[in-house]
Amino acid sequence: MSDLVKSSEVIETTEVPPHNNNNNKRHFKYDSEQRKQRLAGGVKLKDALMILCAGFALISDGYQNNVMSMMNKVFALEYPKEYTASLSTQVSNASLVGTIFGQVIIGLTADYIGRKWSIVTATCFLIFGTMMCAASHGKTVNGMFWMLTIFRGVTGFGIGAEYPSSSVTASEAANESVKRRGGAFILATNLPLSFGGPFALCIFLIVRRICGNHLDAIWRTMFAIGCFWPLSVFYFRLKMVTSELYTKSAIKQRAPYWLALKYYWPRLIGTCVAWFLYDFVTFPNGIFSAGIISNVIPKSEKNNLEKIAEWNLLLGAIALPGVFVGAYVVDILGRKYTMMIGFCGYIVFGLIVGCGYHQIKPITGLFIVFYGLMMSCGNFGPGNNMGLTSSESFATPIRGTAYGISAAIGKVGAVVGTKTFSPIQKNLGDKWTFIIAAICGLAGVLVTFIFIPHLKDEDLLEEDVKFKNYLIDNGWKGKFGIQEYDEEEDLEGSSEDSSDGEIVKNNTKNDVEKVDALK
């Protein structure tokens, strides 16, 4: 059988298997010249707006993920008898459980229904859930906390929905005309997520000054402010257009999930397990950071909300530069090695703080610096690259689903980490939370090395071509793209009108006939 023409930019070429006797089987061929032409034209306005609209509201996700850090302290002061450790875990985990459902369900619909529908749905859940959290009430304090728990779950569903819909949309938009796609993706997605933590603390300090000791007003205001970011981009998200990649490669009917699993299972294991390990460390350290800090500051400041928030803000400020450094090097080193370096940071700083905990604890500033550097390494490596790798490792027809599953397994890690954090502190001691972080870092290095592919800035369309040819070779008979193509017209199309991919028909004379397949 004939080999496909090998392009200088194509890392792998797809061939019809030698044992395949079907000479009428059609295949796609990746055309690297089309991508060169796209990139030569510079960043298009529509692509830039799609990236910004997809990522901007993730500030709200970062805000919601981190707001509970200080709210746990506020609730403990306002309701010292009712707000027990188990209730604190219940309220904190409600968002994470909702996030898991949002990631899986909206991940599926992002592929099956569409990117725009999914991202608008995510925005609606975020706005509604956050507003109802601020309005939580009940006949009893426990009743109020149950309402808060339920609507933290609704908010979590919106947060989870944002992950696959926003990240996949940003990745596909960046692929169209952005040369250093990895850095652009990180600045549009993980930067808002990471900035949400310090932003939440800045808002808390302002609200605390305004409201004084009116703790009820503080927590209701803090939840209500979370509506602002999704509201600010809601109109623009309604006007978003569908990416070219999704238009060309979507599978609307009879999605071949079993074939996809057989093809992508090593990558799916890598993204799921690595994300589980990352969230197992970073989420409890974010949610309970106020409690961790209150254990190392002087006793006179343990219940001083402003002091705790200020130290927490310093912690977030030290962790944030990891996002920028990681965004700069990710297209140079590649996703895989950047992730491995970040996990190594968990090993180094986790062991420094854990093994030297009792020596470092009396020096609050030094403790915060080492703690912040550990979190910064998390941002530099897996924090930046889990979303990026999950959106680039899979073809467009299943990208949302695979991303949603990977992120959901990550949030399972967050739930497990949050649930076990307090028992670890109580039974093993505070230092073991950092030693376990180092162990997770070692596991993350191994998983990344074995299962995560070495990606830099490859065209996402190239992965689509490989996956389409794999489906064809395995007898799948469905259609690609939003529009249904007439097969006779496809076979009669000219190569001069071809876009980024072409269909190749192998005949008995081993000739290669190029025809247009992606208009």
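Using the three backbone atoms N, Cα and C, a Cβ is placed for every residue, glycine included.
Looking at the stretches 68-88, 404-424, the one that Swiss-Prot records under the feature transmembrane segment is 404-424. When the glycosylation sites Asn93, Asn175 are compared by the number of other CB atoms within 10 angstroms of each CB, Asn93 has the fewest. Across the candidate stretches 117-137, 337-357, 363-383, the maximum count of CB pairs under 8 A to the transmembrane segment (186-206) is reached by 363-383.
Under the criterion of 3 or more C-beta pairs below 8 Å, with sequence separation of 6 or more, the transmembrane segment (404-424) and the transmembrane segment (117-137) do not qualify as touching, having fewer than 3 such pairs. The stretches the transmembrane segment (363-383) and the transmembrane segment (313-333) are in mutual contact, each linked to the other by at least three Cβ pairs under 8 Å (pairs 6 or more apart in sequence). Same-chain residues lying 6 or more positions outside the transmembrane segment (313-333) and placing a CB less than 8 Å from one of its CB atoms are 66, 180-183, 186-187, 190-191, 194-195, 197-198, 201-202, 205, 289, 293, 341-342, 368-369, 371-373, 375-381, 383-385, 388, 456-457. DSSP gives Asn175 (N-linked glycosylation site) a helix state.
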